[in-house]
Every structure is written in structure tokens, then in C-alpha cells.
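S.K.: As listed in TrEMBL for this protein:
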DOMAIN    1-82  domain 'Nucleoside transporter/FeoB GTPase Gate'
TRANSMEM  58-81  transmembrane segment
TRANSMEM  87-110  transmembrane segment
DOMAIN    90-278  domain 'Concentrative nucleoside transporter C-terminal'
TRANSMEM  147-169  transmembrane segment
TRANSMEM  240-263  transmembrane segment
Amino acid sequence: YHFGIIQFIIKWIARGMQKTMKTSGAETLSISANIFVGQTEAPIIVRPFIASMTHSELMAIMTGGFATVAGSVLALYVSWLGYIEGIAGHLLAASVMSAPAALMIAKIIYPETKTSQTAGDLRISIEKQDTNAMDALGRGATDGLKLAANVGAMLIAFVSIIAMINYILGFADTSMQALLGFIFKPLAWSMGVPWEEAGIIGSLMGEKIVLTELVAYGDLGNILKEQALTGKEILSERSVIIASYALCGFANFGSIGIQLGGIGAMAPERRKDLAELA
């Protein structure tokens with residue numbers, strides 16, 4: 001990032017998407033940045049334009065944030081799912097594919113009916129936050145430590161919530177995972193997961209939406225770890241790969257609040273519009 005490599009990649013990905021999809025410069029740039037950075041960091045690149053964005057553009061940048069994951073947590077998911085050969089490539093492909101897919105879905109849900117301020121214009125201006133390479137290295141290490149602490153705290157909190165819910169549901173001889181698996185089992189099957197494994201994948205998909213993708217990926221990693229230790233196949237490699245694509249994104253209820261707070265702080269006058277779109 002400090003040497004401008006990521007900015008260069010973002011710029012050319014955005015140009016390709018804009019030329020082929022005929023979208024505005026601001027929304028395309030923000031969604032392209034989502035491949036590498038988080039759902040509240042990407043809009044910073046187009047912060048000067050957020051206040052004047054159309055509703056369709058706001059919908060696009062929010063959808064882009066929900067559909068992708070930050071590069072900083074991608075390595076974490078790879079470490080959890082490392083039992084599957086080539087999983088890093090699948091997760092990276094899932095994040096890259098999600099950017100244009102999110103833009104397309106956003107335009108189907110909320111088509112553009114107005115003229116954008118950045119229509120046909122693509123401007124990128126990302127200020128360097130570090131003085132030199134050593135400063136960048138130090139800040140990167142600090143950010144990594146903060147990320148690890150945040151992930152650990154979130155996992156402890158959400159796993160505790162799951163345990164509490166399962167304790168309550170235990171009186172009915174069921175669990176939250178079982179209920180979510182039952183609800184999302186048909187969807188998992190329609191994605192190509194064998195019916196006998198669809199309940200497990202459906203449960204993971206439900207955890208991702210209701211809780212967070214961190215919990216879902218963590219549970220998937222635990223299943224793979226159990227398979228490696230016992231030698232008993234619980235999920236086929238095909239099902240794991242399908243799940244890795246399905247879980248790759250920040251789309252959950254908590255992310256709604258994160259985006260309303262993060263993007264809303266950049267343009268307070270658009271908070272009402274953001275809430276309506278969410």
C-alpha cells in the first residue's frame with residue numbers, strides 16, 4: 001500500500017469495471033477498493049463525493065461492502081481452512097468476483113435514474129499515511145495486532161452468545177446450529193452441496209448472516225480440523241470450497257450498523273438515506 005501498488009491495481013480494476021458496466025467513477029472506485037480493504041475504509045477513497053451521490057450510488061457502495069471481505073482478514077481465513085489445498089486462491093477469487101457481482105446486483109435492485117456527478121469520470125486520490133517504509137511497517141504491525149485482538153474479542157463474545165442460546169434451546173432438544181441448518185439447507189443444496197451435507201453448510205451460512213462470517217469460518221475450520229484428526233470425512237472437498245465462496249463477505253446484521261456509522265460519519269447529511277437503503 002505504501003508504495004502505491006494496491007492503488008495502481010484498484011485503479012485499473014475500477015477502469016475495467018466502469019468501461020464494461022457503464023457505472024459512475026465514484027461507485028466503481030469504492031467497490032473496487034473493497035477487494036483489498038474493509039467496508040468502511042473503501043468509501044474513504046470517494047469521501048468528497050458521498051454527500052452528492054445518488055441513491056443508486058449509495059446502494060452500490062453499501063452492497064460492495066457487504067459482498068466482499070478485507071484483505072487483512074483473508075489471511076486469517078486461509079489459516080483456518082488450510083487443510084484444503086489451494087483454498088487461498090478460492091478465497092481470493094471469491095473476493096474479486098464479488099466486486100462486479102455486487103455492483104450488478106445493486107443496479108438491479110436500485111437502478112440509476114439520475115445523472116451522477118462522476119458519470120464517465122474516474123478519479124483516484126489516496127493520501128499516504130506513512131512517512132517512509134519503516135513507518136509503514138510499524139503501522140502495519142500495530143494494525144495487525146489490533147485486528148488480532150478485535151477478532152479474538154468478537155469470537156469470544158459471539159461464541160458465548162451461541163452457547164447461551166444453545167443452553168436455552170437444549171430444553172427443546174435442539175440447538176441454534178440445527179435450526180439454522182434446517183432453514184438454509186435447501187439454499188445450500190441449490191448451490192451444489194450434496195443433500196446429506198447441506199444441513200451443515202446451511203448452518204454455517206445462517207451463522208454468517210445472524211452472527212458474523214468469523215464465527216462461520218471458525219466453525220468450518222473446526223470441522224476440517226476434526227476431519228484431519230479422526231480421518232472421518234464430515235464434509236467433502238467440494239462442499240468446503242462451495243462454503244468458502246458462500247461465506248466470503250461481510251453481509252450480516254452487525255455490518256448494517258457498522259456501515260451506517262462509518263459511511264454516515266463521512267456524510268452526516270446522508271444518514272437518513274443510508275438507513276432507508278439498509
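The backbone N, Cα and C atoms fix where each Cβ goes, and this holds for glycine too.
TrEMBL does not curate its annotations; it predicts them automatically.
Note that the coordinates shown come from a computational prediction; the quantities given were computed from them, not determined experimentally.
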S.K.: What same-chain residues lie close to the transmembrane segment (58-81): Cβ under 8 Å, and 6 or more beyond its ends?
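M.R.: Tertiary neighbours of the transmembrane segment (58-81) are 23, 26-27, 30-31, 34-43, 46, 50, 87-88, 91-92, 95, 98-99, 101-103, 105-107, 109-110, 143-144, 147, 151, 213-214, 217-218, 220-221, 224, 240, 244, 248-251, 255, 259, 263, 270, 273-274, 277-278.
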S.K.: Averaged over the domain 'Concentrative nucleoside transporter C-terminal' (90-278), what pLDDT does the prediction give?
M.R.: 81
S.K.: For the domain 'Nucleoside transporter/FeoB GTPase Gate' (1-82), what are the DSSP-based totals of helix, strand and coil residues?
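M.R.: When I sort the residues of the domain 'Nucleoside transporter/FeoB GTPase Gate' (1-82) into the three classes, I find 58 helix, 0 strand, 24 coil.
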